Amino acid sequence: MAASYAHLNWEDNATGPVLLRLAGRLDAETASRVWEDALRGLRSRAEQPVRIDTTAVEYCDGAGVALIVDLLRQPRGPQAGVSLGDTPEPVMRMLAPFRSGDFPAGADAALPRSRRLRERLAEGVHDLGHSLYEQIAFLGEAAAALAAALRHPRRVRWRDALDIAQEAGANALPIVILIAFLMGVILAFQSAVAMRQFGAEIFVANLVALSLLRELGPLMTAILLAGRSAAAFAAEIGTMKVNEEISALKTMGLDPVRFLVVTRVLAAVVVMPLLTVVANMVGLVGGGLVMLTFDVPLVTYFHQVTSAVSPSDLFGGLFKAAVFGLLVAGVGCLRGLETRSGAAAVGRSTTRAVVSAIILIVVADGVFAVVYFHLGI
Amino acid sequence: MDSPASDSLNGATPQQGGPDTVIRVEDLTLGFDDVPLLEHLNFDVQRGEVFVILGGSGCGKSTLLKHMIGLRVPMSGRILIDGQDITTVQGEARQTLLRKIGVAFQSGALFGSMSLLENICLPLEASTALAPDARALVARMKLRLVGLSGYEHHLPAELSGGMQKRAAIARAMALDPMVLFLDEPSAGLDPVTAADLDQLILRLSGTLGMTFVVVSHELASVDAIADRVIMLDRESRGIIGEGAPDWLRQHAGHPAVRRFFNREPSEAA
């Protein structure tokens, strides 16, 4: 019966080279058990020549051959080389395609993951700069494509834009309605509990209306759009990039930005204010229902809301929503176009799209707050 | 073989289930849902031979391969690899059996986010106790065998189609399997690259004594590498020819086999 183990034996010789006898079965499982011992034995005989004898090897596969090559390639002194002694024909046949010089010791550890921190840091900074450059370039390209689309509306693929608007807008209605309603309810309830102590429940309507129309309506809708559509845009375009569909577009003379980005950006810019209007209305309804439980009739609530908000609050919020739509769709498409190769790259692009979109939304909202304050809106 | 039109190797059927039989397919019927695609297949693959599964498009070559590597369960029949039925074996025994086979898929199926070295190290990491340096050395040696030394840290997308196929073969060989399954290795390659790949298969077969099961419809490749061929047919739902390519070209009983090997148009044309 064939051996199911490997073993090694050192025979020190006063006159000739030390003999390392390998025996038994040398495969991936058994070789791993003697590998470290063999290397350790070799290191402890650093000043002596060593000859490897494999005549007692019964079976040897790729891992066994790798063990022999690993022993042969170890750096040694000039008088302390490692050589191969008597070798059975099957082992010799397996060894034939390789020379130990082809695989210098130490090269195996040099995997890219083990690069030094400094190199990785430098690469990170370079990538950041490159990414910033690409974003600015993309912004310019997208703005030019949008301007061209507005100048020549017949060149826009309206059918595609409509389909995207349906997916990003109409199909997002259920989640937008749910979140907006709960937002109105929570906002009204939390503020009403506090305001009741001062007999000021009626002003909850002011708080809910102003918060929703100016801030929370556009913000929450934009974040939902980022989660749904920025991710979808990045995944769609990223997969197209991986499948070389983007290259195909280029070779057909079609500009990917005009073909893919303009339609998505236009769709998002149109549906965002519409979704925000729905979110505002549903949020106000949620707030109104809470006010009913505090004995404030709906008529009174409605009257208070209309007296508290001005058209500038509504339209200021809707303008913000349109800008958020632009940012969300733009960054989603950009991350998609930046996708490199492989399935993992699409996943990374999707994640980056959502994260970038949310960051851009919050930053833009901060800018709007300052600008609106100075404009008196 | 049940097909009356089938042929055997030079008139002599290889020894059924003998000591050199690595794979034995017994009365195998396979298909999709309840619709059979191939019925009552019987054939053996001998140790060390390059065995080619041949046939026109849509005849079920790749589906048969997927059954032979355990990715699909047949409607009936057995597929014995080294004496164990891959269609039913479970648990630890299945893992042991899967270590005896390596598969290079038609698309290469290399992991795009990993370098070639990492792709080949992956099965070694999962199935052996080799230290990281030893794994890397084994992987480098496999890449050397397929002529890809120097490409260790390249991503699959940075390689040509032929190189990706070579890398896929290197990964399939990582655990030194008993049988290597190759699905359409020459598909989509130019004639020179395809011929290089054929030479690689012959070299690996000759040097390492490895058994190959190759799915192909590239006649030039089949002529170059095959020790023995079975030809599948969609109409007959079975094997319509079996033997060495030269013998089939001259003596095949089924007209479709002769047409295929002599590159003649079908009767309908």
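Glycine too: its Cβ is placed from the backbone N, Cα and C atoms.
A TrEMBL annotation is a machine prediction, not a hand-curated record.
What you see is a predicted model, and the numbers here were worked out from it, not measured in a lab.
Annotation source TrEMBL lists domain 'STAS' at A:16-95. If you look up TrEMBL, you'll see A:172-195, A:257-275, A:282-302, A:314-334, A:354-375 marked as transmembrane segment.
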Taking residues 6+ outside the transmembrane segment (A:172-195), which of them lie with a CB under 8 Å of any CB in it?
201, 203-204, 207-208, 211-212, 216-217, 220-221, 224-225, 228-229, 271, 275, 278-280, 282-291, 294
For the transmembrane segment (A:354-375), the candidate among A:257-275, A:282-302, A:314-334 having the most Cβ pairs under 8 Å is A:314-334
Sequence-remote contacts (6 or more beyond its ends) of the transmembrane segment (A:314-334), Cβ cut-off under 8 Å?
134-135, 138-139, 142, 168, 213-215, 217-219, 221-222, 225-226, 229-234, 237, 260-261, 264-265, 267-273, 275-277, 280, 353, 356-357, 360-361, 364-365, 368, 372, 377
Averaging the per-residue pLDDT over the domain 'STAS' (A:16-95), what integer do you get?
88
Per DSSP, how many helix, strand and coil residues does the domain 'STAS' (A:16-95) have?
35 helix, 23 strand, 22 coil
